[in-house]
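Asks: Before I ask anything, let me first share the structure, which is written out below as structure tokens.
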Amino acid sequence: MLTPTISKSISLVTILLVLQAFSNTTKAQNCGCSSELCCSQFGFCGNTSDYCGVGCQQGPCFAPPPANGVSVAEIVTQEFFNGIISQAASSCAGNRFYSRGAFLEALDSYSRFGRVGSTDDSRREIAAFFAHVTHETGHFCYIEEIDGASKDYCDENATQYPCNPNKGYYGRGPIQLSWNFNYGPAGTAIGFDGLNAPETVATDPVISFKTALWYWTNRVQPVISQGFGATIRAINGALECDGANTATVQARVRYYTDYCRQLGVDPGNNLTC
């Protein structure tokens with residue numbers, strides 16, 4: 001028979017072991033996942049790359065591929081940047097807002113942008129990013145979506161990111177960030193109130209570029225190996241892909257192939273969607 005002292009010691013050890021096991025089990029359950037599933041960047045459970053890849057919060061997350069030694073700043077030269085923005089009219093608000101310096105400052109927070117895979121992969125990713133930015137902003141002319149304030153970009157089903165009825169979640173910035181379910185997590189990741197101050201994306205050029213890079217690294221970069229067409233689908237597939245708007249798709253492709261030419265890299269396959 002155990003003495004009371006020994007019994008209490010064993011009980012304490014048992015409790016500690018149970019608590020430790022419970023803690024390990026619940027690490028992947030903060031968003032309702034079982035321990036063998038990943039909690040995605042959006043708070044959903046699963047075990048594929050959509051859940052365990054980029055942005056995975058908890059669980060058996062996949063290790064990201066190692067970054068290469070490419071210098072994005074050496075590829076995105078002032079000449080390259082000017083070649084885009086110089087095509088915007090002098091009256092464009094974006095001329096006084098967007099700059100290579102703001103892009104590079106924002107880039108400091110996204111160390112994997114343009115640095116995954118081979119040197120050619122990096123150049124293709126950079127070309128793809130600026131192709132979409134060129135299309136979305138009209139060569140850095142527009143900061144905000146034309147007539148965006150008149151449009152409703154509040155998805156009430158995205159209850160995790162409740163809309164402020166006095167705010168609009170229309171397109172802003174280089175990638176034209178839209179919808180409350182993008183402004184909310186982007187603000188959390190970057191450090192601004194995306195739901196209550198979405199206009200920050202149109203007033204702070206560094207934050208503006210950060211939202212574009214946030215969207216890119218979380219929503220677009222995971223599919224970039226599938227070709228430029230996959231990046232179109234990730235950005236605006238519902239409105240453009242599968243024959244919905246072939247003219248717009250071709251416009252994006254033209255920008256992409258032109259930038260690939262400027263950066264000295266083959267554009268690859270699967271250019272359309």
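Glycine too: its Cβ is placed from the backbone N, Cα and C atoms.
Because the structure is a prediction, the values reported are computed rather than measured.
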Asks: Can you tell which of Cys33, Cys38, Cys39 is bonded to Cys52 by a disulfide, based on Swiss-Prot?
Replies: Cys38
Asks: What is the disulfide partner of Cys45 among Cys33, Cys56, as given in Swiss-Prot?
Replies: Cys33
Asks: Quick test of reading the record: Swiss-Prot lists a disulfide for Cys39. Which of Cys31, Cys56 is on the other end?
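Replies: Partner cysteine, according to Swiss-Prot: Cys31.
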Asks: What is the three-state DSSP composition of the domain 'Chitin-binding type-1' (29-63), stated as helix, strand and coil residue counts?
Replies: 4 helix, 5 strand, 26 coil
Asks: Just how many other Cβ atoms lie inside 10 Å of the Cβ on Asn270 (N-linked glycosylation site)?
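Replies: Other Cβ atoms within 10 Å of Asn270 (N-linked glycosylation site): 12.
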Asks: Sorry to bug you, but what's the C-alpha spacing from Asn157 (N-linked glycosylation site) to Glu136 (active site, proton donor), rounded to the closest Å?
Replies: 26
